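Features reported for this protein in TrEMBL:
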- 1-26: region 'Disordered' (REGION)
- 45-127: domain 'DExH18 N-terminal' (DOMAIN)
- 142-259: domain 'ATP-dependent RNA helicase SUV3 DEXQ-box helicase' (DOMAIN)
């Protein structure tokens, strides 16, 4: 008697396994739960995202232009990608990369700073030029731009109050007591008023950008925030309107004055 039983779906039936192309239903994308499929797709996109960037000849040339030996570039790229994927770097995690993928961020800004830092830490003897460039172009630690100020022991007093509450009076009184004093203000009008109260003299300078001649040889100074002299030492300094430090256009001047 001839038996015609249907073969079980074990990958060896016609069109599957050894007798044909693998069934799409054997792919992990179809045998896993929806959550697992989502993670698998995200991982594949994550790898493609990194591969696409580091396979670029432009990125290779850019890195080699910093005198990175060509023989360490490919191994370093592989190690870096593995480190990011395995969350071994505290300055760039796989979560960070996926967030940038969703936001369609500039890939150079995502990968290059982290890759440079990785190269310098992993291959210090081969990346001396890159290391110097990173130090020279580092804008993340502005307090290091003023080493002389960092050597001075300073006392900072913050006066807080609503507008027109005369919270600056005590600071201005202390300013008038010192012969080497600096006032930093937000407007030429206010700077001129404080300058007048300091008792204008040859040793007290007014710097608002409107003076016909540059002032030299002074001990005390009333200046617009953007024009504060950084090459002089004062015993007392009043940085007025310090809330301006959050201003998008002028805040840098207050940050610099305080630092």
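Here the Cβ of each residue, glycine as well, is placed from N, Cα and C on the backbone.
This prediction places the mean pLDDT of the domain 'DExH18 N-terminal' (45-127) at 88.
Residues in the domain 'DExH18 N-terminal' (45-127) partition by DSSP class (helix H, G, I; strand E, B; coil) as 63 helix, 0 strand, 20 coil.
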